Amino acid sequence: MSAGYLSSSGGTMQDTASRVARLVVDPVRREESLVRLVRTTLKPEIAGWSPGGLSRGGAGLALLCSTLDEARPGEGWDVRAHEFLAAGLDAAGLPDGPLSLFSGRVGYAAAVWACSRGGTRYRELTEALDATMLPLMRSLPGRLPSGPSYYDVVSGISGWVGYLVVRERTPAVDAVCSAVAGELIRLLSPRGIGDLGYLLEPGRPVVDLGLAHGVAGVLAALSRLHRRSPDPDSAAAVRWGVDFLMRHVRDGMWPARVDLKYRPDDGRRSGGGSWCHGDAGIARALYQAGEALDAPDICDFALEAVRLRCASPVPVPSPNLCHGLAGRWLLTAAFAEDTGDAVLRSAASSYADELLGRFRPQSLLGYADVEADGRHVDNPGLLKGAAGVALALLAADGKEVPGWARLLLV
C-alpha cells in the first residue's frame, strides 16, 4: 500500500504530528493545558494526570515519542520516551494501583512494550512488571463484582487483551489470557450479560453496546483471544455476542444502549462513526468476530454497516481518538486495510485530510477536544487529547494501520 492509501497529504501529516508532539511534551505548556482542562471540562473529576497513565498520563506520551522515533530517528524522541517511562515507574509499581489499560498498570506495561522494539529493550523492567502484575491479573477474573467498569475496554479486563495479544507470548501470559477468556465467555451469555449492565434509573437495567464500555468491546476482546487459542466455548460465546448485537441493529445502526428487561424499541440509533460508542466501533467488533469464527457473512454485514457510515457520515466536532475524527479515521483505515475496499480507502484518506485541516498552530496544543455541549478543552492526553491525534496523523502518513491500534481492539 502507498501512503496515499491512508491520506493524500504525505509528509505533511508527519510534520504536523511532530509539531503537536512537541507541544504536548513541553512541560510548561502541558501543565498549563491541564490547569485549563480542570477548570473548563464537563468532568473535572476524571481530568487528572498520572505519570504512569496511558490515556491521561506519561505512558501515553512515551508511546507517542517512541512512535515518532521510529518515523523520525535521530531527533531525540527515544530519549523523551525513556524519560516518560522513568517518571511513571513509581506510579506503575504501586501494589494497590489499578490494573486498567487506560489509567493503570496494564497501560504502563503496554507503553513499555511499545518502547521495547519487540522485547529487545527494557527486558528487566518487563520482567519486573510481569512478576508483580501477571499473577494478580490471572487471579482477578472470576472474583469481580458486577458492573461494566470491571469488564470493559477502558477500565476492565477486556482492555487487558489489547496488551496481552501484542506482547511476546509466555506461559504466564497465556495463563492470564485463559483466565480472561473464561470470564468473557461467561459474560457473553444470557445469564452473564447482566454483569455488564448498569441502572439507568431504578428498576431499569441497561447495557451499553459500544466498543469502549459495552458488549462490542467484550466481543472484540474475546474474538482476539479465540483467534489466539481457538476453543469451542469461546466460539459459542462469540457467536452469542454477535447474535445479541445483531438483534438490535436497524439499517446498519445501533442504539447506544439497550434495556436488559424487555421494552419496545424506541427506534433511536446512534448513527455515529466513533470508536467509543458509535456504529463503526460496533461494526469493527463484529468484523473481528466474523474473522475469529471464519464466518464471511458476519464480516460482510459489518463491512456494509461501515460503508453506510461512510456514505452518510455524522459530523464529529472533536478531533480525538475516543469520540472524534481520529477514531473514525482509525476504524475506517482498519477496515480498508483488511478488505482493500476502494470506497473505504477513499473515505479513510478523506478523514485523514480533514483531521490535518483542523490543526490550529496558534492554539495551546494544536488540537482541542470538543465536549458534548460544544465547549473546547485543551487535553494533552492520548484517548481524548492532542497526543492521540498526533498518533493518528503519524499513522495516516504511513503505509499500514499501526500496531498501537491493537491496544484499542481495532
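From the backbone N, Cα and C atoms, a Cβ is placed for every residue, glycine too.
Database features (TrEMBL):
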type	residues	note
BINDING	Cys276, Cys322, His323	Zn(2+) binding site
Worksheet item: What does DSSP say about Cys322 (Zn(2+) binding site): helix, strand or coil?
Response: coil
Item to complete: Count the Cβ atoms, other than its own, that fall within 10 Å of the Cβ of His323 (Zn(2+) binding site), considering every protein chain shown.
Response: 27
Discussion item. Say we define neighbours as other CB atoms within 10 Å of the CB. Which of the binding-site residues Cys276, Cys322 has the fewest?
Written reply: Cys322
Worksheet item: From the centroid of the CB atoms of Cys276, Cys322, His323, the recorded Zn(2+) site, which same-chain residues not already listed sit within 8 A by their CB, in sequence order?
Response: Ala212, Ser274, Trp275, His277, Gly278, Ser318, Asn320, Leu321, Gly324, Gly327, Leu383, Lys384
